[in-house]
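Going by Swiss-Prot, these are the annotated features:
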BINDING   Asp34, Leu35, Glu36, Tyr37, Asp38, Ser83, Leu84, Glu114, Arg137, Glu171, Lys280, Lys304  NAD(+) binding site
ACT_SITE  Lys116  active site, N6-AMP-lysine intermediate
BINDING   Cys396, Cys399, Cys414, Cys419  Zn(2+) binding site
DOMAIN    577-654  domain 'BRCT'
Amino acid sequence: MQKEEAKELIKSLVEKINQWNYEYYQLNKPSVSDLEYDKALLELEKLEKEHPDLILSNSPTFRIGSFASEKFTKFVYQKPMLSLAKAYNYDDINSFINNISKIVPTENINFNIEPKIDGLSIALRYKQGKLVKAATRGDGSEGEDVTENIYQIKSIPKLINYFNDLEVRGEVFITKNDFKKINESNNFANARNAASGTLRQLDANIVAERNLSAFLYEIVEPEKHGIYYQHEALEFMKNLDFPTNPFSKVVEIEELEESISDFAEIKNKLDYDADGLVIKLNDLQMWDKLGKTSKFPKHSIAFKYDVEVASSRITDILTSVGRTGKITYIANILPVLLNQTTVKAATLHNHNFIKDMNININDEVNIIKAGEIIPKVISLKEEKNYVDYYKKATNCPSCGSQLVEFEGIVDQFCTNDECPDKNINNIYHFASRNCLNIVGLGLSTVKDFYPKFIKNIKDIFDLHKYRAELIKLPRYRDLKVDNILNSIESAKNKKFSKVIFALGIKHIGQRAAKLIADNYANFAELLDDHNLLKLQNTKNIGPKIIESLIEFISSPANQDLLAFLDAIFNYEGKAKVISTILSGYTFVITGVLSEPRSHFVKLIEEHSGNVSSAISSKTSYLLAGSDAGSKLEKAYKTGTKVINEEQFYDLIKQ
């Protein structure tokens, strides 16, 4: 695009989006859909990135929300009330995770997710346990004081059993049922407009009549209240009788895709409008460290669902089996265009879904592609007035074994340890990028090598014995095979936590694997800990994880595998514990010391201490060398004890 053309387009988009913002925030009468607005804003952001010299001073990319209305007293925020960046597909989510992982170790990353309510953002301030101020977001720096109107919302507590100064933030909305009642005598375009218009009424009696609802989701400066994780913040608010969203939950990185996909199915069944899913880094201590742009924090993102739905006819229904043995039903459909891609198959999840939806071959069904991840059937195009659903599978599609069902679980399972598809998927998971990252050993390669050269995880490490045969296979030459074999050899130096995660044990994601590895140096130590007593006293390790791990290590075959892995792996970076003198202490290391940082990390871990990258309220000591810089300044400001090398050595000699 020529520069003049870009200049004109930027000017046009700025004018158009600013007008839409005025209609949305001030008039509560949007003239375009969220999708059209988002696409225009994305186009403007792209153009401004390509032509930074053409950015206009009134560009909406710099503004959060809208200016506060003149009808209300202004409310100035000490901490800006930012909006959230948006993700439209899983590539956007991956970029978000990758940016976080530049600051936060991957194994320490998990997320709190909750529905993105289509309402009006608010902040509530409490002093001595009493609600004293309430405001709308406005432009993020300055909002509208709507305290009297907030007092009319029944679910928001006016008095709380907590007497420190507290600011919480959330969303005011109107349920679908209440919106229907309101619109019997009004003409609001949607529930969001009704909520916004109601909260900005000058007559508080009207607010009381319209029965607004609210969910609270954030505590400002949580560390002042001894809160360090988002799930703790929600629990804290819930215990003070603040309304919090019951769909909020903590998920690991590897669970995000499924969670996004699952929410697409239920969001329209909720009694309020939810136009997306908010994904927040659970570790609040890292929020400030990750920073923000002028509009968005980098610790959170809002996943927006494209509402495009396609219809097609089911030509066949098949089953597949994953690495855990879980059976998934898949609908083959007549090819249909959805989100600019041709879709030929869509998931039906499990047989309960098929039965509940009354779905069979030859039915016309509606399909979505949730976040451009997994196409899925969501409903029949037209309901049938008779019962006609596809029969339940009885045998595994891979090995033919009888399928098993467990009480309280809707899925069916193949429990045959020799099932080819289960084993192939297990081997692939073990070698995948987030596990041992064995380059070249992808799914198609595992299928090529199975079962002649690889039948299980142990066989991966014997592949070198078959090099002469492997290089004779179609598509496998010397260099390709050697790269795989070299990558297998390198994998033997991975962290213990990576190996734990690679085993694919139920309920054990990357974060749980890291917590397990923090307690044990190898599998032998883990097996020696009767009933996993160490883990039972470990924060964020729940009974489901312990139960699943005990079940896994109780199998003689798995015990044999774990002993084998211990024998061939030289686990990276795990210090052998020689004393507990530093147990319960957290160190931050900064400046130039007489030995490399790794030397001191090893010593701290050997004596049962922890090492952190940033000073927080949990930091016990700052070990400082010369040229310590900003961390030393922060330590003095926060009252963190500062020690030098000599004092550190004195500590571990005690």
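Just so you know, glycine gets a Cβ as well, placed from its N, Cα and C.
Remember, predicted model here, so these are calculated numbers, not experimental data.
On the structure: features taken from Swiss-Prot.
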| residue | record | Cβ within 10 Å |
| --- | --- | --- |
| Glu36 | NAD(+) binding site | 12 |
| Asp38 | NAD(+) binding site | 15 |
| Leu84 | NAD(+) binding site | 19 |
| Lys116 | active site, N6-AMP-lysine intermediate | 22 |
| Arg137 | NAD(+) binding site | 26 |
| Lys280 | NAD(+) binding site | 24 |
| Cys396 | Zn(2+) binding site | 25 |
| Cys399 | Zn(2+) binding site | 16 |
| Cys414 | Zn(2+) binding site | 25 |
| Cys419 | Zn(2+) binding site | 21 |
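Taking H, G and I as helix, E and B as strand and the rest as coil, DSSP gives the domain 'BRCT' (577-654) the counts 28 helix, 17 strand, 33 coil.
For Cys399 (Zn(2+) binding site), the nearest neighbour among the binding-site residues Glu36, Asp38, Arg137, Lys280, judged by Cα separation, is Lys280. Comparing Cα positions, Arg137 (NAD(+) binding site) lies closest to Cys414 out of the binding-site residues Cys396, Cys414, Cys419.
Mapped onto three states, the DSSP output places Lys116 (active site, N6-AMP-lysine intermediate) in strand. Looking at Cys414 (Zn(2+) binding site) and Lys116 (active site, N6-AMP-lysine intermediate), their Cα atoms lie 37 Å from each other. Here the C-alpha separation of Lys280 (NAD(+) binding site) and Cys419 (Zn(2+) binding site) works out to 38 Å.
The two recorded residues, Cys396 (Zn(2+) binding site) and the residue listed as 'active site, N6-AMP-lysine intermediate', show a Cα separation of 39 Å. Cβ atoms within 8 Å of the centroid of the Cβ atoms of Cys396, Cys399, Cys414, Cys419 (the Zn(2+) site) belong to the same-chain residues Val321, Gly325, Pro397, Ser398, Gly400, Ser401, Thr415, Asn416, Pro420, Asp421, Lys422, site residues excluded.
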